[in-house]
Amino acid sequence: MLIGMGEFFAILVAGIDLSVGAILALSGMVTAKLMLAGVDPFLAALIGGVLVGGALGAINGCLVNWTGLHPFIITLGTNAIFRGITLVISDANSVYGFSFGFVNFFAATPLGIPVPVIFSLIVAVILWFLTTRMRVGRNIYALGGNKNSAFYSGIDVKFHMLLVFIISGVCAGLAGVVSTARLGAAEPLAGMGFETYAIASAIIGGTSFFGGKGRIFSVVIGGLIIGTINNGLNILQVQTYYQLVVMGGLIIAAVALDRLISK
């Protein structure tokens, strides 16, 4: 759900972020390494999730602005770079043995609601406020609708493009922290293929692949729909490989439907 909300912003400006899975893994790995070095677990989570995730997202945004290349190309490359760095700093091994308090916190279910769900909803509310109640949010929508018109109306296109990828990076970084806590270990291959689910959450939630249209809580609903589909397929004992086929088909169908409606 978290990486889907981050992907939403990249798609909202008619871009895409294919590096979210690698950012998730690297942020989770940094968090685990910091905890093993004696850093307070929640400070480590803040550094690993927000700072590392945001910094990696900023790298994506800067490269997009500097090169003028489509985000697809940039994030395809940085996905490999970030994944490679994760494998290097972990020696391609899982990292575990950190604070049980950190693990137990994210395993708690206050009022019967898992902490990761509460955490995701808090992030969703913050992003909803940003997109609906702040000028920067309206500017992002305008940028996605028509980049040239946004530029001539005085919107700083490069700043907002950078901001979009920072938000995507932070969301992926926070997802990495949650993933590390839930698994009780930082896995160098964590998040592999998660970009597919992130894109599917946004598109199925009604975000236009062509930019300028979408709502953050619709992405949350899209994530819940995907989770429900996956759970149903698991109950039916459908293999993971076929689940990926279903996800890919849903993305194509949703984009095609959006294209037909826009015509």
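Please read every residue number as a count from 1 along the shown chain.
Every residue, even glycine, has its Cβ placed from backbone N, Cα and C.
Record features (TrEMBL):
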- 7-30: transmembrane segment (TRANSMEM)
- 42-64: transmembrane segment (TRANSMEM)
- 71-90: transmembrane segment (TRANSMEM)
- 102-130: transmembrane segment (TRANSMEM)
- 162-183: transmembrane segment (TRANSMEM)
- 189-209: transmembrane segment (TRANSMEM)
- 216-235: transmembrane segment (TRANSMEM)
- 241-261: transmembrane segment (TRANSMEM)
Long-range Cβ neighbours of the transmembrane segment (7-30) (under 8 Å; 6 or more residues past either end): 47-49, 52-53, 56-57, 60, 64, 70-72, 75-76, 78-83, 85-86, 89-90, 95, 127, 140-141, 143-144, 147, 160-161, 164-165, 167-169, 171-177, 179-180, 186-195, 198-199, 201-203, 205, 207-214, 216, 219
Tertiary contacts of the transmembrane segment (71-90), as residues 6+ beyond its ends and Cβ separation under 8 Å: 10, 15-19, 21-23, 25-26, 29-30, 33, 56, 59-60, 63-64, 165, 186, 188, 195
Best-contacting stretch, by C-beta pairs under 8 Å, relative to the transmembrane segment (42-64) and drawn from 102-130, 162-183, 189-209, 216-235: 162-183
The transmembrane segment (102-130) in contact with the transmembrane segment (216-235), cutoff 8 A, at least 3 CB pairs, sep 6+: yes
Chain residues outside the transmembrane segment (162-183) and at least six past its termini with a C-beta under 8 angstroms from it: 2-3, 5-7, 9-10, 12-13, 15, 17, 19-21, 23-29, 31-32, 45, 48-58, 60-62, 64-65, 71, 102-103, 105-107, 116, 119, 123, 127, 136, 140, 190-191, 194
